[in-house]
Amino acid sequence: MAASGFCFYFLVIVVAFGVSLEAANGQLSTKFYKSTCPKALSIVQEGVAAAIKNETRMGASLLRLHFHDCFVNGCDGSILLDDTANFVGEKTAVPNNNSVRGFNVVDDIKAKLEESCPGVVSCADLLAIAARDSTVYLGGPSWKVRLGRRDSTTASKAAADASIPPPTSNLSALISSFAAQGLSLKNMVALAGAHTIGLARCTSFRDHIYNDTNIDKSFARSLRQICPKTGKDNALANLDRKTPFSFDKFYYDNLLKKKGLLHSDQELFNGGSADQMVNTFAKNTSLFFEDFSIAMVKMGNIKPLTGSAGQIRINCRRVN
């Protein structure tokens, strides 16, 4: 009994040391908060569920926050920072202004995390967990979120403008943008499937419905009813008209029918190198879910701040 007890104790020490060593070496771990904030995952999950129950659209908004965070100098929570005297933040960058949302939900979840374990869980990790939980709540796949990111102490509007691909992007520009983040063509097409949920503003798809030819004519006509050539910039349309609040593979079905809402969406099925993957995902939900999960983990590992870099913000909107 004594020997087996010693072995168990030794194993616990080794596992705990392994997790802390991963963080020290700049590697994220799925067990990062196991001892320091054991309720962290459940707190985020409950907050996300409540927010989506209150407003279904919020699931897509939280997922998008993580994407727009990671594409600008890595997954460091910089998108959450308000402007200061020292920098203009990312919230007013062209891809984000009057578009990204969910900041109040993040504030509410962060406040509960601070009550449970003050100064432990980063805002960057909160976004990563919330993205996964939003996907699952709306019927999509789950994955183990690697944690241990720390928060940036600055943000950059210029970097956001330069790094987040606009909805007017062509396929080569999209490929280059994702490749700059270490993401492959396959990763890109899988991540684009997040557009199976959520809404887009008229300004994002106006050019596509009036000027492009690779769009179903009746689909374009119906969209022109809500998005005129001028005015109503903030009018909204579903990114996936078939099942706009279910995380499924119908985004790809839409592309096959030339019913992608954004120019950048339809570029994925327009006679180019992404066509085959769009076809594959349209036929195989399980494969889409698997590749989406893999791509989300890979995206979540873009240049995280770990160890002593950055900080753990108490309020996600400002530096401590």
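Cβ coordinates come from backbone N, Cα and C, glycine included.
Owing to the predicted nature of the structure, the values given are computational and were not obtained by experimental measurement.
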Mind checking which of Cys75, Cys117, Cys123 has the disulfide with Cys316 in TrEMBL? Cys123
Cysteine of Cys117, Cys202 paired with Cys227 via disulfide, per TrEMBL: Cys202
Same-chain residues six or more away whose CB lies under 8 A from the CB of Asp248 (Ca(2+) 2 binding site)? Gly139, Gly140, Thr196, Thr285
Candidate nearest Cys123 (disulfide bond) in space, where candidates are the recorded positions His68, Gly74, Asp76, Asp240, Thr243 and distance is Cα-Cα: Asp76
Using the alpha carbons only, what distance in Å do you get between Gly74 (Ca(2+) 1 binding site) and Asp240 (Ca(2+) 2 binding site) once rounded? 28
Taking Cα atoms as reference points, which of the binding-site residues Asp69, Val72, Ser78, Pro165, His195 is nearest to Cys316 (disulfide bond)? Ser78
Which residue, out of the binding-site residues Ser78, Thr196, Thr243, shows the minimum number of other Cβ atoms inside 10 Å of its Cβ in this structure? Thr243
Cα-to-Cα gap, His195 (heme b binding site) vs Asp76 (Ca(2+) 1 binding site), nearest whole Å: 23
Top Cα neighbour of Asp76 (Ca(2+) 1 binding site) in the set of recorded positions Cys37, Arg64, Cys70, Pro165, Cys227: Cys70
